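The domain 'Sugar phosphate transporter' annotation in TrEMBL covers 66-187. Under the heading transmembrane segment, TrEMBL lists 84-102, 122-142, 148-167, 179-211, 231-252, 272-292.
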Amino acid sequence: RRRYPDPRLTQPCVPLARPTPPRRMCQDSLVAIEAGQGVKVVHPPASVPPVTSSSRALMLVLGHATCASCLLVINKWALKEFPFVWTLTTLQFTFAAAVTWAAGRVGLLEVEPLEWDRLKQFFPAAGMFFITITAGNAVVSASNVDTFIVMRSVVPIPCAILEALVLKEPYPPARSWAGLAIVLLGAVGFCLANQGLLVGSVAWVLLYLVLMPLDGVLIKQLVSASGLSPWGLVLYNNVCAAAPGLLFSALLEVSSPQQAAQMASVLQARPILVGAPILLSCWSGLAISYFQMNVRKAISSTAFMVLGVSNKVLSVLLNQLARMDANCGAASVGSVLASILGA
């Protein structure tokens, strides 16, 4: 019996397309591999924050250093003209929140809309941040700029310990502990040279030293996982900080008609001389809010605390040039510089 070939086998062969391998999940990204080409397409997941480039990190650090150095002296000037600590701090946070929100509404800045769930996440850290900033302003108002700088110099010590315990970060190396020891010696020398300056602000100093390390670790953890844009961080932080500020100002500084009349008389007596440092402090607060909220994403909590100390060299210089404090002794200034050098 003669066999004829199957007509299906006489058709020209058409190469079949190789199927694309399925996507596989890596630890840090989704990688799609195109067959036969060796091309790799990386899709970073939304939950992982983008890595900050070294140039942007340097820009943020320099911007924060400049703003922080100037704001300390500006706040001292504003508190000399307008001695209401809670109200001044509330004005700074409210101004920063209002300007950021308005700029986002008109399209000048990329700002995420306010959402209740995110506000609840930000509120504990931002509320603590408000009280910490108020305590720092109270120390500047009750004593002088140098006292605040020395107090600020001590903060990296508990912050390093807290970061290692809470965030499981490694402890600083021996050289870093030596620098922190120099900071502590400078603080002790400053206290011995200025025994009377710290008396009126002991409670504020202790409150600052307790809250600042906690706040630094909390905000570092919060901003790293928020997924917000740079100006979105500014908006959420300032809105959440301004809310308790309005309450504390109403209860502690304008709770009676006499207190309200006293504040109004200060503003009416010299509106330009009082309003100018207040407005300047508000703009400076907006600038430092942007830099500090974003520089926290680029460096560790302890490094941020050390940065806040090392940039105070300019504050010491500006403070001596402005002559707003009577404390200009060599031992006092030397202790301040020793604390900065240790940082």
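Just so you know, glycine gets a Cβ as well, placed from its N, Cα and C.
TrEMBL does not curate its annotations; it predicts them automatically.
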Contact between the transmembrane segment (122-142) and the transmembrane segment (231-252) (3 or more Cβ pairs under 8 Å, separation 6+): yes
Counts by DSSP class (helix H/G/I, strand E/B, coil) across the domain 'Sugar phosphate transporter' (66-187): 99 helix, 0 strand, 23 coil
For the transmembrane segment (272-292), sequence-distant contacts whose Cβ falls under 8 Å of one of its Cβ atoms, 6 or more beyond its ends: 60, 63-64, 67-68, 70-71, 74-75, 77-78, 81-82, 88, 91-93, 95-96, 99-100, 230-231, 234, 237-238, 266, 304
